[in-house]
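One structure is given here, and the rest of the page talks about it.
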Amino acid sequence: MGKYFGTDGVRGEANVELTPELAFKLGRFGGYVLSQHETGRPKVFVARDTRISGEMLESALVAGLLSVGIEVYKLGVLATPGVSYLVRTENASAGVMISASHNPALDNGIKFFGGDGFKLDDAREAEIEALLDAAEDTLPRPSAEGLGTLVDYPEGLRKYEKFLVTTGLDLGGMKVALDAANGAAAVSARNIFLDLNAEIAVIGDQPDGLNINAGVGSTHPEQLQALVRESGSAIGLAFDGDSDRLIAVDENGDIVDGDKVMYIIGKYLSQKGELAKNTIVTTVMSNLGFHKALDREGINKAVTAVGDRYVVEEMRKNGYNLGGEQSGHVIIMDYNTTGDGQLTAIQLTKVMVETGKSLSELAAEVTIYPQKLVNIRVENSMKDKAMDVPAIAAIIEKMEAEMAGNGRILVRPSGTEPLLRVMAEAPTDDEVNYYVDTIADVVRAEIGLD
């Protein structure tokens, strides 16, 4: 990660940290870097979610791009994966998404995609950061025909919707409950599932600029659970603010998280011989029950660090086509290059139609183990050295021996804070509490600050 670019672009409180001035510079410097690696005038797609700050930042970003001669196509409100899709299929040089995903309305972010639809590579981000840190802006200032042009491109949304519909099956009147998180999916999810011949009930589709992710969406599925029960829906589908993740709800109103969604889609692809290398890419935070279910099906796993960027890196490196996270980021590389909540939702309903099984039946094959996570404050200098402390290493070894393979312990440093995270999974709540609390007590005694 750089000074400005984190794992998911540049983020911060809108108009405080992520200011119009910074957005202008990101557009200007980002556009210039793109132009240095292109022949001809670069073409860039720009989209945003529904945050009140989106239009402010969009205006500044677009002005910056135009100031260095970029041809800008303004997509309006669109899901992050929609930008990725359009960049690839319409031969754009890059795409920019203005969103802070599942964060509250006061935050926003700016994320660049390369012409291949993947996140802009680290080398390009470093070039942009170097310009941001320069003492003065010495870039060319073209005039007249050298300036960029702006094209409003609302048809991009419908092209993305049509693409998504082609990946699904006729749902034959299936009752589907949707939660668009008052975000980007509010402009598309309804249309997509109506085109798939679903009978729909919708919440979270009235964005006002301030209510994105507020009590709705994939991080707050409670309203959707109630809607599924009240409406008698066969499935509930909750997206986040930029629709790059999905949390599902079965017909009983129970949560079906990213692990279960990946298992259901992965098993379906495996049985059809379409799961690349018969492998699913997941992170160290995936539940042990998910791993055991894959083992029963003979499906392989590739495990990465936490973060969808690491999942995507592993998929690209080894040619895998399915991966994701427990949080609902699911990447189906046969169709798109990034997590896509609406695409994942369509594939989930496709499995239901083709198997004739309810979502609860499909999800029941994964027994989710109780999981507990405790954060312990430590010195930054110690969080990467915890396993070098003999007492900590010994207690972890002792607890793992007691588990005898029927549980899991993960002790890892936070990537951004002076914290050590202690996580365990076991068959019962009592067991998981015992394992985590025992290890946490030793960690606190040896290196804890509290």
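The count begins at 1 with the first shown residue.
The backbone N, Cα and C atoms fix where each Cβ goes, and this holds for glycine too.
The following features are taken from Swiss-Prot:
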- Ser101: active site, phosphoserine intermediate (ACT_SITE)
- Ser101, Asp240, Asp242, Asp244: Mg(2+) binding site (BINDING)
- Ser101: phosphoserine (MOD_RES)
If H, G and I count as helix, E and B as strand, and all else as coil, what does DSSP give for Asp244 (Mg(2+) binding site)?
coil
Would you list, in sequence order, the residues of this chain other than Ser101, Asp240, Asp242, Asp244 that have their CB within 8 A of the centroid of the site's CB atoms, where the site is the one recorded for Mg(2+)?
Asp49, Ala79, Thr80, Ser99, His102, Gly183, Ala184, Phe239, Gly241, Ser243, Arg245, Gly339, Gly341
How many other Cβ atoms sit within 10 Å of the Cβ of Asp240 (Mg(2+) binding site)?
34
Packing count at Asp242 (Mg(2+) binding site) (other Cβ atoms within 10 Å of its Cβ):
35
Within 10 Å of the Cβ of Asp244 (Mg(2+) binding site), how many other Cβ atoms can be counted across all chains shown?
33
Three-state secondary structure, Ser101 (active site, phosphoserine intermediate) (per DSSP):
coil
